[in-house]
Amino acid sequence: MEALWTLTLALAAGLAAASPPNILLIFADDLGYGDLGSYGHPSSTTPNLDQLAAGGLRFTDFYVPVSLCTPSRAALLTGRLPVRMGLYPGVLEPSSRGGLPLDEVTLAEVLAAQGYLTGIAGKWHLGVGPEGAFLPPHHGFHRFLGIPYSHDQGPCQNLTCFPPATPCEGICDQGLVPIPLLANLSVEAQPPWLPGLEARYVAFARDLMTDAQHQGRPFFLYYASHHTHYPQFSGQSFPGHSGRGPFGDSLMELDAAVGALMTAVGDLGLLGETLVFFTADNGPETMRMSHGGCSGLLRCGKGTTFEGGVREPALAFWPGHIAPGVTHELASSLDLLPTLAALAGAQLPNITLDGVDLSPLLLGTGKSPRHTLFFYSAYPDEVRGVFAVRSGKYKAHFFTQGSVHSDTTADPACHASNPLTAHEPPLLFDLSEDPGENYNLLDSVDEVAPEALQAVKQLELLKAQFDAAMTFGPSQMAQGEDPTLQVCCQPSCTPRPSCCHCPEFQP
């Protein structure tokens with residue numbers, strides 16, 4: 001698939017950009033910093049993503065503010081820290097009463113106001129609510145095809161993950177309805193046939209792009225793939241072909257989907273008019289061992305504030321506008337809303353944003369205005385505030401806590417058995433020389449360097465000022481759960497949850 005779209009790159013580089021550009025935002029799930037070939041994995045089969053990296057701008061220091069699904073997705077779409085919106089602690093469940101508050105302004109709403117045709121394919125995980133109140137159509141998306149939460153939030157022991165009949169690994173969440181596939185607010189299938197899901201999303205994406213072109217308007221597509229979240233699945237062409245087992249097969253299908261999306265853009269003659277941005281929601285779920293991803297040389301993974309949890313691969317691709325290369329500038333998923341709004345000529349919402357405009361960095365006219373990053377625990381509170389702060393090359397951990405998602409690694413600091421620990425003084429790392437956070441500069445047998453002492457004072461001040469200014473929004477998760485809010489294809493059926501069963505045809 002990659003050959004079809006890469007052949008047009010030379011032509012695309014000479015094309016004038018549409019004003020505003022089309023935007024394709026691809027968001028992977030539980031993907032580690034070291035999982036792509038372009039980030040050094042020796043055996044990953046990711047030719048399309050590697051081509052994006054070769055033809056675009058590859059970030060080495062791109063972060064998410066929280067290493068967990070729901071809060072990370074909220075940050076991406078709003079440019080705001082999840083604690084401001086009440087999206088804590090943990091993640092939203094299928095029966096949660098809460099969700100992304102309707103007064104929050106999403107990237108889709110910003111771009112829709114600028115005339116974009118907006119759509120989301122894939123994973124939502126920002127709430128369902130009463131009568132679907134929190135679903136994408138109520139947050140600025142004109143079209144939605146996807147699962148409203150994570151595909152393991154329902155029983156999966158009877159589902160097929162790899163054709164022709166390989167069952168899904170594990171049993172996932174019991175006592176819940178089967179996972180639903182929604183088209184806008186309607187149930188398409190419950191459960192969907194997982195091996196055919198990615199192809200359906202690609203077809204949906206192609207239709208959205210085509211319709212936008214016919215309507216003479218730009219498109220914004222948020223392609224939120226379920227890959228590579230557990231339990232992994234893939235279509236017919238991928239099982240056993242990756243060399244990395246089920247995880248690699250899932251990653252291989254994600255890469256092929258990227259190739260298919262780029263082919264669709266190329267077929268429409270829009271490569272020079274389309275900005276593509278790829279990243280992921282959090283680091284790998286290392287507890288899954290061979291069924292989880294790889295954080296490379298970084299410490300820990302999902303659920304922690306160590307680098308393996310919060311540093312992500314990120315690629316920006318726009319032929320003729322974004323010069324190929326590598327940037328070591330600091331950047332965050334929080335920055336995408338103000339950046340893409342600037343490139344689209346759209347007005348920013350009149351609300352406190354935590355993101356900054358990276359368009360000068362992307363277009364080669366300046367550097368990143370971001371110098372500081374604040375990282376929250378997946379289970380934050382106002383007493384402790386941020387767990388870690390990065391400023392320039394230095395990062396300080398004021399609190400650390402392991403996570404079940406990062407169990408089974410060789411490092412006990414990552415494990416769920418590692419309790420919440422306050423560090424006084426904080427752990428201090430020079431990430432320019434020690435990205436693996438192995439050598440605490442304040443734990444030296446020799447005299448601590450004056451530069452390190454100055455750095456920790458600055459980081460302590462940054463944390464104190466930031467915590468003092470931050471106001472947590474009322475917790476959406478604290479609203480509790482109502483089993484009747486779970487999506488059901490037969491709303492009045494009994495007995496629940498088993499009666500909510502409207503499976504689609506399996507080839």
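Heads up, the Cβ atoms here are built off N, Cα and C, so glycines get one too.
Partner cysteine of Cys168, as given in Swiss-Prot, is Cys161 (from among Cys161, Cys172, disulfide bond). For Cys502, the disulfide partner named by Swiss-Prot among Cys300, Cys414, Cys488, Cys489 is Cys489.
You'll find the Cα of Cys499 (disulfide bond) roughly 26 Å from the Cα of His229 (substrate binding site). Comparing the Cα of Cys502 (disulfide bond) with the Cα of every entry in Asp30, Cys69, Cys168, Asn350, these being the recorded positions, the smallest distance points to Cys168. Contacts of Asp29 (Ca(2+) binding site) defined by a Cβ separation under 8 A and a same-chain sequence distance of 6+ are given as Cys69, Lys123, Ser150, Ala224, Ser225, His226, His227, Thr228, His229, Ala280, Asp281, in order along the sequence.
In this structure, of the recorded positions Ser150, Asn184, Asn282, Asn350, the smallest number of CB atoms within 10 A of the CB marks Asn350. For the recorded positions Cys156, Asn282, Cys493, a Cα-Cα cutoff of 10 angstroms around Lys302 (substrate binding site) retains Asn282.
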